[in-house]
Amino acid sequence: MKVSIVGTTGYGGVELLRILHQHPEFVIHSIHSTKEEVPIWNEYPHLFGLINKNIEEIDYDRIGEESELVFLATPSGVSSKIVGQLIDKNIKIIDLSGDLRLKNPNDYQLWYGKEPLNKHVTDEAVYGLSEWNSEEIKQAQWIANPGCYPTSTLLGLAPVVKNRLIDLKSIVVDGKSGTSGAGRGLNKGSLYAEVNENFKIYKVNEHQHTPEIEQQLQDWIGEAKPITFSTHLLPMTRGIMTTMYVQLLKEWETDRIIDLYKDIYDQQPFVRVRPRGNFPSVKEVCGSNFCDIGLDVDQRTGRLTIVSVIDNLMKGAAGQAVQNANIMMGLDQTSGLKFTPLYP
Ligand SMILES: NC(=O)C1=CN([C@@H]2O[C@H](COP(=O)(O)OP(=O)(O)OC[C@H]3O[C@@H](n4cnc5c(N)ncnc54)[C@H](OP(=O)(O)O)[C@@H]3O)[C@@H](O)[C@H]2O)C=CC1
Ligand SMILES: CC(=O)N[C@@H](CCC(=O)OP(=O)(O)O)C(=O)O
């Protein structure tokens with residue numbers, strides 16, 4: 001099956017190359033960005049001798065005619081214009097940016113500060129949280145691939161929210177990310193001297209993933225309360241940890257909560273629920289498509305602490321995008337994604 005990638009020179013795009021290069025069914029047909037006719041290994045010398053392809057001009061007609069599926073790993077605001085050029089072609093689209101995720105155009109305008117896409121496109125797009133939306137993903141033409149923080153957060157919150165075990169007003173999400181989450185573009189905040197031996201909070205109470213998380217909670221149970229969501233930058237390359245604090249509505253033992261999570265995620269190959277007393281660290285999932293979850297009930301406060309870790313470029317972006325592509329194309333969802341985490 002032929003696939004194209006737009007935005008190949010970015011971190012999400014190059015992670016797609018790493019996965020798709022060894023995928024048993026998908027064949028990388030064409031790769032694109034605004035740079036043209038440059039061999040991809042010029043941008044990424046680690047691919048020398050492995051992927052001998054040039055970055056090509058973005059010709060929407062050709063992409064639509066020659067490929068069955070296109071991954072857009074382009075910045076928000078850019079993706080929406082590309083989607084606009086591709087929607088009348090008979091091609092499946094998986095967009096890694098935030099452009100297709102928010103159903104309410106005012107939310108997009110407010111949180112991204114950009115012009116929203118036509119509402120009929122965002123209405124049609126399926127939110128690609130693979131573990132929870134696989135039936136819709138199977139039928140989808142366009143996928144809004146979830147953001148990195150929302151993936152980690154929602155997989156961690158889903159069991160207690162869907163089972164209405166918590167006070168929705170109590171949700172506090174504390175997120176921390178490595179710098180690859182900010183992409184390959186030059187920006188002062190990601191410089192070594194700014195990040196090394198440092199730890200900072202950013203986008204306080206205005207992170208664009210806030211409405212995405214709230215929208216999914218609303219979808220699941222028909223109601224949602226505003227959440228507190230904080231994001232921090234850590235001096236590491238890959239990885240996200242979200243620690244969530246939620247008030248339980250009645251008394252629960254840690255063991256029972258862990259059993260509930262285990263039952264719910266039992267059939268999900270990429271979600272690993274840790275045993276009592278064992279909490280995941282980001283390195284334990286890096287390079288893989290796993291989301292690892294650790295849980296503990298604080299008997300003194302009645303609050304549950306949920307720790308969820310992913311690799312932002314894998315389960316948080318390219319890995320989940322390929323998982324969704326597998327589901328859309330009727331393949332096993334783990335095809336090409338059985339990476340063991342890179343440790344140490
Ligand atoms: N990094 C992460 O962990 C995650 C990222 N995402 C989202 O995925 C998308 C890609 O992220 P990331 O790879 O980190 O970003 P990068 O900034 O690293 O890469 C962006 C890519 O888009 C290309 N690009 C920029 N403008 C255009 C344009 N007008 N037309 C075609 N291509 C263009 C760039 O190529 P060039 O400069 O060569 O033209 C580059 O290849 C973003 O929307 C991001 O928010 C989502 C989840 C996690
Ligand atoms: C570390 C870092 O800066 N991370 C980025 C993740 C951005 C992203 O993935 O953006 P969309 O999902 O909205 O497209 C951020 O927090 O904004």
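Quick reminder: no glycine exception, Cβ is built from N, Cα and C everywhere.
Residues annotated as active site in TrEMBL: Cys148. Proximity of Cys148 (active site) to non-local residues of its own chain (separation of 6 or more, Cβ distance below 8 Å) is seen for Ser177, Gly181, Ile240, Ile310, Asn312, Gly316, Ala317, given in sequence order.
Among the features that TrEMBL reports, domain 'Semialdehyde dehydrogenase NAD-binding' is placed at 2-140.
Break the domain 'Semialdehyde dehydrogenase NAD-binding' (2-140) down by DSSP state and the numbers are 56 helix, 25 strand, 58 coil. Per-residue confidence over the domain 'Semialdehyde dehydrogenase NAD-binding' (2-140) averages out at a pLDDT of 96.
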